[in-house]
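First the structure, in the form of structure tokens, and then the observations on it.
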Amino acid sequence: MKPLAKLFMVFCLIGIVLSRPMPEGEEGEGEEESPDDASGDETEGGEEKTDDGASEDGGEEESKADEEDGGENADGEDAGGDDAGGENADGENTDGENTDGENTDGENADGEDAEGSKDEGDDSEGDGSKEESTGGDEGGDNAGGGEGGGENDPVNTYHKVVAILDKDTKVDNIQSEYLRSALNNDLQSEVRNPVVEAISRLGSFSKIEGCFKSMGSDVKKVIDEEQKAFKDCMTKKKSEYECSEDSFASAKGKLSPITSKIKSCVSSKGQ
């Protein structure tokens with residue numbers, strides 16, 4: 001039993017010794033690392049610091065470069081703005097000069113237009129005065145032809161003959177519309193047109209004036225005869241149209257001799 005008790009005691013002592021806490025000095029010695037491990041750690045830390053420092057230096061250099069680039073860009077933009085402003089200013093001056101030139105041209109054009117209009121107005125006034133003077137001369141010639149009858153003016157002769165025909169061959173006083181239309185057609189085709197054609201080239205009315213003295217009375221006689229015949233026809237219970245056709249055919253045969261006499265007279269005296 002004693003040996004067992006001693007062995008038990010030994011184990012108890014060992015357990016007590018093992019269960020006791022370690023002193024701080026011993027723990028520090030245990031925790032101390034070997035020089036190689038420490039140098040390795042320091043080397044790694046130095047490399048990390050070096051990398052950090054290099055990155056920081058690189059960042060500072062990049063920031064400085066960016067600032068310098070920004071300054072140059074700003075200077076370039078300012079310079080470009082100044083150049084652009086100068087160009088704009090020059091452009092404005094140029095535009096102003098062109099504008100002045102255009103205004104000057106416009107004023108010149110207006111002046112030329114005004115002068116042209118004045119010249120045209122003067123020309124038109126001159127033409128108007130010439131026409132008036134010409135018209136006055138023609139009027140004088142016509143007046144002279146009417147008074148003396150010796151002017152060689154075919155136009156004046158034509159107007160005088162037409163006036164005589166209109167005066168001596170009127171049928172406006174005939175009441176029947178059918179008879180009036182029929183006799184008017186006869187006078188137009190048998191008297192007016194042939195006489196006008198006969199005197200178209202004659203210049204002196206005084207030479208042929210005597211050819212128309214009896215024309216008015218001769219035509220009036222034919223018209224009166226046809227009116228009487230028309231009334232007699234209506235008493236026979238014929239229609240107004242039928243009676244007018246009878247007068248139309250009869251008057252044509254009576255007017256032709258009158259026209260032939262006038263044309264013969266004009267032809268003989270007008271030469």
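Here the Cβ of each residue, glycine as well, is placed from N, Cα and C on the backbone.
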Cys233 - recorded disulfide partner, Swiss-Prot, among Cys211, Cys243: Cys243
Among Cys12, Cys211, cysteine joined to Cys265 by disulfide in Swiss-Prot: Cys211
If you draw a 10 Å sphere around the Cβ of Cys233 (disulfide bond), how many other Cβ atoms fall inside it, taking every protein chain shown into account? 19
Give the nonlocal contacts of the signal peptide (1-19) in its own chain as ranges (CB under 8 Å, at least six residues past its ends). none
Have a look at the disulfide-bonded residues (Cys211, Cys243, Cys265) and report the one with the fewest Cβ neighbours inside 10 Å. Cys265
Please report the Cα separation of Cys233 (disulfide bond) and Cys265 (disulfide bond) in Å, rounded to an integer. 36
